[in-house]
Structure formats: structure tokens, C-alpha cells
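Right, one structure below, let's go through it.
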Amino acid sequence: MTSQNPIVLASAKYPKPAERTFQYGTAGFRMKASLLDSVVYRVGLLAALRSRKLNGQRIGVMITASHNPPEDNGVKLVDPMGEMLEGSWETYATTLANAPSDQALLEIYDKLTSDLNIKTENKARVVFARDTRASGPRLVSALLAALEASGTEYTDYKLLTTPQLHYITRCLNTKSTPYEYGEPTEQGYYQKIAAAFKAATGTRKFNGPVTVDCANGVGGPKLRELIKYLSSASEGGLEIKVVNDNVVEPERLNHQCGADFVKTNQRPPPSSHAAPSARCASLDGDADRLMYYFNDSDSSFHLLDGDRIATLAALFIGDLARNAGLGEKIKVGVVQTAYANGASTSYITQDLRLPVVCTPTGVKHLHHAATRFDVGVYFEANGHGTVVFSDLALKRIGKYEPQSPAQASALDTLRALTALINQTVGDALSDLLLVEVILAHKAWGPKEWHLTYTDLPNRLGRIEVADRNIFKTTDAERKLESPPGVQAQIDALVGKYKNGRSFVRASGTEEAVRVYAEAATRGEADDLAAKVADVVKRAGV
Ligand SMILES: CC(=O)N[C@H]1[C@@H](OP(=O)(O)O)O[C@H](CO)[C@@H](O)[C@@H]1O
Ligand SMILES: [Mg+2]
């Protein structure tokens, strides 16, 4: 009798809010935590299906809402190699989440099982973790109910950063293969990164400490843990000052601090008292985004965002490959979105002479495009990104016999970077150490880094309209194809500004439309943004 089915029985405890329609968005499901129990339960079922479909490979489930306010939460799935869930499965997630009743849910679950030829006798294995939000433990119970009901083996990794769960998922699925990624534990993560950081740094010196604002999220305790594995400043290691790491009061999460605050407000967290030219960095709530910034001697604030991290990494890795004698064999490329500052794109193509690809927003798109290069550097302007090395590049870097001491030294550093960089997903802790290694090698402070190019003044706005879905884009989100006529109005405005560029797209994570504009001066960028916003408001009513 179907009413006795464990999936139906457990589902009754996590009823779907009737009037709600859910969507697996840019970064999974994300909303007020109070609305999320049924979604998490159903995501648990999907994780079971995905694992069975892939012959029992581990699937990761991360419960987090990243930079969103403390009362929000979210859930997303991690594929076996530590990548984001394959695109076609997002639709199944959405369908399951919207099943109107427990019985309908079971029918969709069974239909997916047969449509996707999933062998029910296969094992299902899931690993999961959460950030520090107060709603996390409650949502974990909903997830557990689904894993039990679907006969899934699971491991609860408790509190982790999102990238740590991605790392562990890949380690588990590559264990005892030629592609073994590392020890599938939190400790293994720290050991791997710390050893690689030491090797990549070599004898270089750090120019003073770096202060890291942890957004009062899971990155705080995890960074403190990582520090235990690194050489101390007295041993010549990097001094890391941890601030905003209060996870005891969950309401402080992302409040007046963190990577999103810094990027959106273009100013340091109010609690920051950094000395001139001191290196400061901010993580977001689940520690997959990183922002750097500093105050100049005249107190002017400078942001070193994802574009800056991408250009720094591309410059350094390109030089290392050449110096190691692999310049011809390893092609470095950069992947950005339309939100990348136009000056960064010109710097990459004209100064670094590297190819740039532009993809739609969302790291899954960038990651995918980056894997087409031997070494693909990808970052969103908001600080989410990493570097991926192709199997061929890894093989070449691993096998190459250096022809001189200089080549040997560059090769050693390059090899260390392949282990330091989390290749599964953007990882603020790993990216932080990557930036520190590069600055130490170049003997650069934030000022020298900032001098590599001059950002075009820009403005990112957010407009609430009746229905954001009428705004449909093409050309990697750089042009609107609907509503009709709106793009022509934007083009006409852009044409009036020196170095003007502007585009409009519906957010994938919020009920809003985003307007981006840049131009030669601050006044012109603001003006262009305001005028384009007016066009959007008129079109959106
Ligand atoms: C302009 C912007 O920063 N957009 C963010 C934001 O997406 P939207 O689709 O723009 O809401 O959240 C995404 C998930 O964190 C992130 O990948 C993306 O970069
Ligand atoms: Mg995040």
C-alpha cells in the first residue's frame, strides 16, 4: 500500500507550503529558513536518486545561504567530482520541490527512477554539512528523514565551509584511484593546503600580517583551525589576524561585515581599523568568496575584488609556466562574467595577452568554461572563483624535467599551486593563501597589486519590478532580447558616455533586476546607471 511507503510517511512531517513555488536557482534553493523544510527533505531524495544513478558515488548536500541574512537558509547539491550539480538535474530538483502532496512526491520520485533508468538495487551514499545558521540543525533533521526513507548511507560532516564539503566529496569519490584528490576529512583538507602553502612560499617573506574578516560565519572557526597547521609568524610564516568570527550570536552573521558587505558598499566593515596599506580580506558566510581591500595613506579605500584576484593569479601562473619552460605547452585562459570591470578585461587581453571568455552569472557556468583551458582562471567580480588545471596540464606539470635551476624553482611553485588551489570550487581560504603566496613572491603590497590597472568607475543597482522574468537576456547576459525595444534604449544611453557599458538582467537569487553600468568617470557611471534604471522601471511595470 503506497500510504505505507516510507517516503510518503516521512514527507507528511515536512509538508510543502501550499502557495509557494520553489526554484533551484543560481546557487540551489535559498529563502527564509522557515519555508525550507519540505525543500530540504525533497533535496535529500534527489541526492539519493543522483547517487544511485551514479552507482553509489557520494553526492554532497550543503545547507547554507552564504551571504544572505541570518534568517535565510539554503540547500545545494555537490556532484561526485566536487562540482555543482549537473544542470539537467536542477529541473528534477525543482519538480520534486513543487510536488503538491506527499503522494505526488512519491509518484515523481518513482517516475524519475524509471525515466532515468536508475537501478533501485544500487547503493545511495550522501555526505552533508551546514554553516553556522541557527536553522541548520532543524533542516538537517529534514534531510536525515529523506536519507533514511530512501535507504541512503550517509555521513554528517557537521559544520564545514561550502568548499570543504566540495573537497571532501571529491576525495571520497577518487579514493584509491589515479586521481586521488586527498584525505577525505576536514583535517586532510588543512594538511593538504598547509603543506602546499609552505612549498609554494619557499623562502619568500610576507610583508606584515593579513587581517581576515570572517563575516561571523563558518569561515571564522575554520580559518582558526587552518592556522594551527601553518607556520607561525615567528617561524617566518604568515600572520593571519582573524576578526568578525563571532558564531555564538548567529544574528551577527554577514551583519555589517563580510565579502558581500564590502563589495556592495565599496567600504570596509565599520569595525575595521586597518593601518594604511595593511592587507585586509573578507570572507562571506560560507567562505567561498574572498575580497581584499586596503586604505591608502590618504585614507582612500581600494577594493581588490574577484577581477583583481583573477588577474593576479593569471599573471603569476602564466609567468610560472613560462619560467618553468612550459609556456608553449600550457595555455592559461581567464573566464569572467559581464560584471567584470572592463579595465580588467582589457588588462588580461592587452597586457597579459591571455584569452578571456565571458559566461552567464553563476559559478557553474564559469567553472565549466574554465575546464576548456589547460589552466582556467575564473572569478566572479564578487570574489567567488578558483583556478582549474586540466588533466593534461597536471600531467605535463608533473612529468616535466626542468632544464635549469630557475626552471626547477618555477616548476616547484607551480606544482605546489596545483595542490594549494581548491580545484572543485571557489574557496576563500585556499584563495587567501594563493594571493598571499603571489604577493610574497612578487614582494608586492596591496598598492602594487592595485597599480596593475585602473578600474573603470562602476555602479551595481537593484530594482524591484512586478515580474523580473520578463527580462530575458542573450550574449552571456550582456543584451536584453525582451521586453522588446529596451535594449535599443540602453544602447542609445551607453553611446553617450566615454567607455560606457551597461547591461540589465534578472537576478537568479533575488526578486529583483540588476543594473550594471560603468564609464570613464564616477559621475558618468552613476548617471548612466540611474538612466538605465529608469528605463528598467518603465519597462517593468
Ligand atoms: C551580481 C552578482 O554578484 N550576482 C551574484 C548572485 O547572483 P544573481 O543571479 O545576480 O542574483 O548570487 C550568485 C550566487 O551566490 C552569484 O554567483 C552571483 O555572482
Ligand atoms: Mg558563498
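Glycine is no exception: its Cβ is also placed from the backbone N, Cα and C atoms.
Because the structure is a prediction, the values reported are computed rather than measured.
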Return the residue out of SER66, SER88, SER502 that TrEMBL annotates for the same Mg(2+) site as ASP284, ASP286, ASP288. SER66
Closest by Cα to ASP286 (Mg(2+) binding site), out of the binding-site residues ALA506, GLY508, ARG514, is GLY508
Beyond the flanks of the domain 'Alpha-D-phosphohexomutase alpha/beta/alpha' (58-88) by 6 or more, those residues with Cβ under 8 Å of it: 24, 27-34, 36, 39-40, 43-44, 46-47, 50-51, 125-131, 133-136, 139-140, 143, 160, 162, 165-170, 172-174, 181, 215, 218, 250-255, 258-260, 284-286, 288-289, 363-364, 367, 423-425
For the binding-site residues SER66, ASN382, which Cβ has the most other Cβ atoms within 10 Å, all shown protein chains included? SER66
Including all protein chains shown, what's the count of other C-beta atoms within 10 A of the C-beta of GLU380 (substrate binding site)? 25
Substrate site span - longest C-alpha distance across GLU380, ALA381, ASN382, ARG505, ALA506, SER507, GLY508, THR509, ARG514, in Å: 17
Starting from the Cβ centroid of SER66, ASP284, ASP286, ASP288, the recorded Mg(2+) site, name every other residue in that chain with its Cβ within 8 Å, sequence order please. THR64, HIS67, ASP131, THR161, THR162, GLY217, ALA259, LEU283, GLY285, ALA287, ARG289, HIS384, ALA428
